[in-house]
Amino acid sequence: MTHPHQRLLIIDFGSQVTQLIARRLRELKVYCEIHPFNRVNEAFLKDFAPKAVIFSGGPASVYAEGAPMPPAGVFDLGVPILGICYGQQVMMHCLGGHVEGGHGTAEFGRARVTPTDDRLPLLEGWFAEGPEQVWMSHGDHVSKIAPGFQVYGTSPNAPFAITADVSRNFYAVQFHPEVHHTPKGAKLYENFVRLAGFTGDWTMASYREDAIQKIRDQVGDRKVICALSGGVDSSVAAILIHEAIGEQLTCVFVDHGLMRLNEAEEVVTMFREAYNLPLIHADESDLFLGALDGVSDPEVKRKTIGRLFIEVFEKHAKAIGGADFLAQGTLYPDVIESVSFSGGPSVTIKSHHNVGGLPEKMGMKLVEPLRELFKDEVRALGRELGLPAKFIGRHPFPGPGLAIRCPGEITREKLEILRRADAVYIDQIRKHGLYDEIWQAFAAILPMRTVGVMGDGRTYDYAVGLRAVTSVDGMTADYYPFTHDFLGETATRIINEVKGVNRVFYDCTSKPPGTIELE
Ligand code: XMP
């Protein structure tokens, strides 16, 4: 098969940080894909046609029963290979070296690597300031390198920290260059892709062109329907598909009455007017709010919204005469099949709302033009497609909307107070220039009233909770450390400007143990 870009294959041996390798490479405009070691065989390698291969780290020991091994034929591809941590150990093990485990070989945390010989293209500019800090995280270590390899750097606990067989273009390091604690790690990847002959041909402009062609090939003259939420992912997917197939695309914006202040109007206006997208504005707020009346259990709320969403979407899809394809803004992190060594089902913390289940139910195939992108790449594509910066940089907003920011029973009155308080809070954050530093910020309305005094009178009003977190992917998060002045000013503004609120709390919980949303 011919591929439009030079491709690098990352073989995943189960490290927690394999995705970071892909991030570093994408930053270098190198197209790469991550595949678990047990899904890669000779036929796959031939079809993938990598220009270079990276073996990730992993938690196993090469001597353990069923230890992950690289696919047959990988060392005969004739392309450069870089092994990282377990990737180094397994490379040595396969090529005739030796790995040892047990007492005294483990090393976790920062270490300094001293050069023994830096005349290696991989190390160009690396040891310019002397020994380099790296991040180690390994139980076993290499005790004898494979024939043909030479040592280029050592650390106190890893005598073979950097090794290479230059004649075969095989490189192997014991540390993790992909993490931030290896400050010059990106340089190592840069050197590796340069020596492998990558030219940096993975750009958003070329992605846009390829994606448009792929959508045309897949869809032909058939119809596509897209659930547009107003979030960055579904918006970028819709605009891209519209560019590819024009009027064959119909978008449905399901307005569940749980959007933020003026949000529904803004989304509809932008897509209809600026992008001329065929858009159905399905105002179903009465249906959703009616079904949620009296519901206070978080899971019941989520499941009710998820079920109604599918019903409503299906109704509107039928009304336009159906579609053959459903467009979704699925991203690469959702697609990567990671190697799990723990096994077993994990506990459901929250039932996430998405449109999964729809394609089978309606007999539709999926169009997922963002499947190969990370979140920041979707933003870059959005910029490429001309989406306004303010829109692209928006904080994430959950599918169930304000329902999960209104613990307890949802009423129209509470939603209105919440919308107004949230708008003041976000305005404050923008005015203080903090919006882009924060991953997600929002107000919640708490299920209680408290007593206050305003003017000369007693008040008995709602309390509002403010949340702001920093995060990389929403999986873990730290609460944002606003100054007391900011919090005081914001509380005063909310109480003065939003009728029905007489108290404001700030949530100082990180995730874990909290979650980002309240429900
Ligand atoms: P939690 O509350 O689980 O949230 O810490 C993590 C991130 O996910 C978002 N979130 C959702 N997004 N559908 C979504 O599309 C959902 O049902 C949903 N629930 C939470 C949340 O806003 C945060 O960014």
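Quick reminder: no glycine exception, Cβ is built from N, Cα and C everywhere.
Annotated features in TrEMBL:
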type: ACT_SITE; residues: C85; note: active site, nucleophile
type: ACT_SITE; residues: H176; note: active site
type: ACT_SITE; residues: E178; note: active site
type: BINDING; residues: S229, G230, G231, V232, D233, S234, S235; note: ATP binding site
type: DOMAIN; residues: 202-394; note: domain 'GMPS ATP-PPase'
Checklist line | C-beta crowding around H176 (active site), within 10 angstroms | finding: 24
Next item on the list: Using all protein chains in view, find how many other C-beta atoms are within 10 Å of the C-beta of G230 (ATP binding site).
Entry: 20
Margin query: Using the alpha carbons only, what distance in Å do you get between C85 (active site, nucleophile) and H176 (active site) once rounded?
Written below: 7
Check: Counting other CB atoms within 10 A of each CB, which of the binding-site residues S229, S234, S235 comes out lowest?
Finding: S234
Next item on the list: Give the sequence-ordered list of residues that share a chain with D233 (ATP binding site), lie 6 or more positions from it, and have CB atoms under 8 Å from its CB.
Entry: G329, T330, L331, L370, K375, V378
Notebook entry, point to check: Where does the residue listed as 'active site, nucleophile' sit by DSSP, helix, strand or coil?
Noted result: coil
Next item on the list: With E178 (active site) as the reference Cα, tell me which of the binding-site residues S229, G230, V232, S234, S235 is the closest one.
Entry: V232
Next item on the list: List the Cα distance (Å, whole number) between V232 (ATP binding site) and H176 (active site).
Entry: 32
Note to self: Between the Cα atoms of S234 (ATP binding site) and H176 (active site), what distance do you get, rounded to the nearest Å?
What the structure shows: 34
Next item on the list: According to DSSP, folded down to helix, strand and coil, what is D233 (ATP binding site)?
Entry: helix
Next item on the list: Check each residue in the chain of G231 (ATP binding site) that is at least six apart in sequence and keep those whose C-beta is under 8 Å from its C-beta; list them in sequence order.
Entry: G329, R394, P396, F397
Margin query: Taking 10 A as the limit, how many CB atoms besides its own sit near the CB of the residue listed as 'active site, nucleophile'?
Written below: 29
